[in-house]
Amino acid sequence: MGTPIKASLLALFLFFLLSPTAFSVSNGGLLRVGLKKRKVDRLDQLRAHGVHMLGNARKDFGFRRTLSDSGSGIVALTNDRDTAYYGEIGIGTPPQNFAVIFDTGSSDLWVPSTKCDTSLACVIHPRYDSGDSSTYKGNGTTASIQYGTGAIVGFYSQDSVEVGDLVVEHQDFIETTEEDDTVFLKSEFDGILGLGFQEISAGKAVPVWYNMVNQGLVEEAVFSFWLNRNVDEEEGGELVFGGVDPNHFRGNHTYVPVTRKGYWQFEMGDVLIGDKSSGFCAGGCAAIADSGTSFFAGPTAIITQINQAIGAKGVLNQQCKTLVGQYGKNMIQMLTSEVQPDKICSHMKLCTFDGAHDVRSMIESVVDKNNDKSSGGEICTFCEMALVRMQNEIKRNETEDNIINHVNEVCDQLPTSSAESIVDCNGISSMPNIAFTIGSKLFEVTPEQYIYKVGEGEAATCISGFTALDIMSPQGPIWILGDMFMGPYHTVFDYGKLRVGFAEAV
């Protein structure tokens, strides 16, 4: 997450306290750190987590095993309604516990510091106190990681880090002194533990995983993820350091070499919609296995093609049309009466701001999900845009029905490629499978796996898991394969042989 890859959706996480932690010792004296799942507002969670982890500075992830008597670590993961997976670590002596996302898309470890006393996001989460640790060593090098419009700022320190039953000594990490409240205030997790390569560290710090290997704490230079996508089950998933758990996959893994150190990046082939080639990536695309991202993200052209095939419509477009349907006729009546146009939206309590914005700023406000909400946010912007079009149509003496139709056309023209897209929940069973060619093998995901269903019955909302992200590289367009892919496919990150492997998860 602290790197040049970026996502477009960013919103608040709903804040719930972490459940009590359960400890148990099993096979070979391995310590299992169990966490409970919370039932939370899944729509807000996926908006928040889904792509704040695809950032100009990036982040997220978590898993399990059946290993030998020693040389491995297991961290039980909490499934936060299919939008984030996190587990518990300890920093210092005695250990101070933190819930962290295990993120293969970044490489730094950071947690809030007791020196962070002005950001609410720090204050409401556990904070690391160097004065309470006998193994703390100062560093002081400043660090910052950008997350879209949010960021963390802090400084490096060094201490022991406990992950499962493994204790990593002399680990550099960031104590945050500032955290963006919009991004982190209501997050379930306290910090992030990066599992990417050192090349993308904000301060070129040696990552936790490197030190596990260098200090001989694991038998194999391998870690693996199993993500349980069944939100109703207690076990959220497991991250295994030092090996894999054969209980959580079927058959053999298909391995592909890492093509660019930094991210866990590899070469991917054609993308199929149903059983038909999309024509994209047939000549090769770069792909990144990223536990810190909920969605699939890829080039706009293919994402648009997929979303059209599944009948997806932009959330912004639908919200705009809903406003027009509910308030359009009243707005027209007010425009033809004596109410000042720039007062109508506030009069209808759709804006808290009395005044007018120019059209350009309105459009930018809609596209920028992190715009200043002091004037009422997106709904206010939709209202102001609709009024501008209505005034023009009234001058042309258009009928009320024609005016409404023309304003709906404006709603259809709002940019949607980087925003959430919704689908008809009743049509999921008829949607096509999407397949990715990796190592000459097809890896399919079903509609049930790439659609988020929020709520039940008539109140249900179904959201496409495909979002646009245009990043060009020397290797070609880049895809991000997040938790929606790593759920169906058990994933192995082989540091020793610099390869990534996928097998059907069970």
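Glycine residues also receive a Cβ, built from the backbone N, Cα and C atoms like all the rest.
The structure displayed is predicted, hence computed values, not measured ones.
Between C345 and the candidates C285, C383, Swiss-Prot records the disulphide bond with C383.
The cysteine that Swiss-Prot pairs with C425 in a disulfide, picked from C380, C462, is C462.
Between C411 and the candidates C320, C351, C380, Swiss-Prot annotates a single disulfide bond, the one to C320. Within the set C285, C351, Swiss-Prot assigns C351 as the partner of C380, by disulphide bond. Comparing Cβ neighbour counts within 10 Å across the disulfide-bonded residues C116, C122, C281, C380, C425, the minimum falls on C425. Looking only at other Cβ atoms within 10 Å, the busiest spot among the glycosylation sites N139, N252, N397 turns out to be N139. In space, C380 is the closest of the recorded positions C116, N139, N252, D290, C380 to C320 (disulfide bond), judged by Cα positions.
Per-site Cβ counts within 10 Å over the disulfide-bonded residues C285, C320, C351, C411, C462 peak at C320. Counting only the Cα atoms, the space from D290 (active site) to C411 (disulfide bond) is about 33 angstrom.
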